[in-house]
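A.B. asks: For reference, TrEMBL lists these features for the protein:
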| type | residues | note |
| --- | --- | --- |
| REGION | 47-69 | region 'Disordered' |
| COMPBIAS | 54-69 | compositional bias 'Low complexity' |
| REGION | 476-496 | region 'Disordered' |
| COMPBIAS | 486-496 | compositional bias 'Basic and acidic residues' |
| REGION | 540-560 | region 'Disordered' |
| DOMAIN | 554-631 | domain 'UBX' |
Amino acid sequence: ACTGIENIDEAITLLEQNNWDLVAAINGVIPQENGILQSEYSGETLHGPAYGPASHSTEASSAPSSSSAFRHVVPSRQIVERQPRMLDFRVEYRDRNVDVVLEDSSTVGDIKHILENELQIPASKMLLKGWKTGDVDDSTVLKTLHLPKNNSLYVLTPDLPPPSSSHAGALQESLNQNFMLIITHREVQREYNLNFSGSSTIQEVKRNVYDLTSIPVRHQLWEGWPPSATDDSMTLALSGVTFPCHRLTVGRRSSPVQTREQSEEQCTDVHMVSDSDGDDFEDATEFGVDDGEMFGVASSALRKSPMMPENAENEGDALLQFTAEFSSRYGDCHPVYFIGSLEAAFQEAFYGKARDRKLLAIYLHHDESVLTNVFCSQMLCAESIVSYLSQNFITWAWDMTKEANRARFLTMCTRHFGSVVAQTIRTQKTDQFPLFLIIMGKRSSNEVLNVIQGNTTVDELMMRLMAAMEIFSAQQQEDIKDEDEREARENVKREQDEAYRISLEADRAKREAQEREMAEQFRLEQIRKEQEEEREAIRLSLEQSLPPEPKEESTESVSKLRIRTPSGEFFERRFLASSKLQVVFDFVASKGYPWEEYKLLGTFPRRDVTQLDPNKSLLEVKLYPQETLFLEAKE
C-alpha cells in the first residue's frame, strides 16, 4: 500500500536487506520525508508524501515487476524531485544526551566531529555504538545504512577513565591522569606536545618550558591558562585545564631594558640546551616523538628514584618496586608486570595446558638511555600495546641501570637462554636500551624470537609483537593437537581401564551372588532336611504311640474308617468305638498328614472333624460303625 511493490520476491529481498525491519525497508524504498511532486506540464508544486494514494496507483502498478525496488508510486506524468533526507540522532554519553541532525549523505565521521565539539572528546577516542547493522567505520555514508528518521546511539570511551562518583575519588583520579599540554611558542611559531601527570604543578610546567624555549620563568607570558589557575604551586588536576588535551601559548615578556646579567643568563640557558645530546633528540623524532615530549619527560625523570633496588635479595620485591616506580613515572596505563622470579614467569607462561600458554615478554629498562622515557611513555604505555600484551603475553621486567642488577640478569639469561643470548645483551650499548625480548617456550628449550630495541615506533612494535604471535600461534596449534591426541589416548586408556574394572567388579559381584545363592540353597536344604527329620521323628513317635489295630473278630465294638488323601489314595484302619478321636488324628499324622496342616472332613453330612473335641470317643462323634473321611490341606 505504501510502496506499490506487488512482487512478493522483490518485497522479501528488501526485507532481508534490512534485517526484516519493516520501517527501515519502507524508508529505504521511500527515502523522502516530505516529497515535493512537480507537474511536468503545469509546473505546479504538490507537497505531500512521496507515494500517491491507492486511487492513483493504477498506472504505476502496470509497470513490469522487474523494475527497480526503489521506485516511487506517483500520480501519472509527475516527476519526484529528490530532496536531501534529514536524519535525527539522539546520542547518549554517560549522563548527557546530544541531538545531532544531518543529511543522509553525511558520514559517520561527521557525527563524531560534531560530538567532539559538544563533548570535548577526541574523535579518535570515541566508539559510536547502537547501529542496527552492526559496527561501521568513520567513512560509512549514512544513506547506505537505510536508517529511519529518528535514531538512538551511544558513545563509549574505553581509552578514557570513567568518572568517579565521589569528589575525593574524582580528585584522586585527576591526579593520576596524564594531561597533554599543546604549547605554542609565539615568537618562533613552534608547537610542543608535553605530557604531565595530574599531580605536576604549574611551576613544573613552566620550568620545562624554560628548558625548551630558553625563556626564564619570570619572563614567560602565558595565554590559555584557566581563570582558576592563580597559583604556580597548584597542580594541573586542580587548575581546571581541559582533559585530556589543553592548548596554551607562551611568549617572552617584553622588557624595556635587558641587563647584561640577563643576557648572559639567556645565553647560558641556550648553551645548556644545545650542549645536551642533540643528536639523540633528533633521532627521537624519527619514531614520532617531538622535542617537546622528549624534554618534557626527560627533565622530570632526572629527579626520580631508581626503578629497582641494587642487590635485591628477592626478585618479587624488586618487581613490586619496579611496578610502583613505573606507575609513578608514566601513569597507571602500562603493561601488567609479572611479580615473581624469572623461573616463576616461565612456569606461568610455558608450563600450563597448551591452550593457556602465552609468550613471555621481558622488558629490560635502563634509566641512562636517552630513549627510555620516550619508549615507556609513548610506546610501552600505548593503549593498543598494553591491551595486546595483556591478552597474549606474560610480561616480566628488569632494571639494567645498576651494574649489580645487570650482572644478575646476565647470569639468569645464561642459565635459561644460553651464552649466545647473554652475549648479545651484554654487547648492547646503553643508548640501544630499553630492550624488549620475546621468548617462546618449546618442549626442550626456550627460544628468543625477537630482540626489540628502544628506537622503534608504536606501529613497528605492534607489528613485531604480532609477527612473534603468528609464530607462537603456529607452534601452539601443533602443541594443542599433540596434547589433544595425547589426552585422547589417555582417555581411551582410562575408558579401557574403567571398563576392565567394571567388568572385574561385575564378575566379582556375579560370583558373590552365586555363592550367596548356593549358600542360601544349602541353608534352605538344611532347614528342609531338619524339618523332614523332625516330622519323621514325630510321625514315628505317633505311629509307635498308636494302640494296636483291633481284629475283625474282636468282641468289642469296632469302627472301620476309610480315609482318602489329597492325591486320591485311600488307607483304612479299624479302631475301637471307645477310642478317642485324638487316636484318629495321630494315625493320620503318622501317615504324613499332621492335623495342624490338614483338616479331616466327613461326607454325609459334610463336616470338619478336626473341629470336634479330640477327647470324645468315635461313638460319640458318630464315626461308628464305619465312615469314609477325606483329607484337605488347610489354607
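Using N, Cα and C of the backbone, Cβ positions are placed for all residues, glycine too.
Bear in mind that TrEMBL entries carry predicted annotations, made automatically and left uncurated.
Thinking about packing and proximity, how do these listed features fit into the structure?
C.D. replies: Residues of the region 'Disordered' (476-496) grouped by DSSP class, helix first, strand second and coil last, total 21 helix, 0 strand, 0 coil.
Nonlocal intrachain contacts for the compositional bias 'Basic and acidic residues' (486-496), taken as residues 6+ away from its ends with a CB within less than 8 angstroms of a stretch CB, are lacking entirely.
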A.B. asks: When DSSP states are grouped into helix, strand and coil, how many residues of the domain 'UBX' (554-631) land in each?
C.D. replies: 13 helix, 29 strand, 36 coil
A.B. asks: So what's the mean pLDDT when you look at the domain 'UBX' (554-631)?
C.D. replies: 89
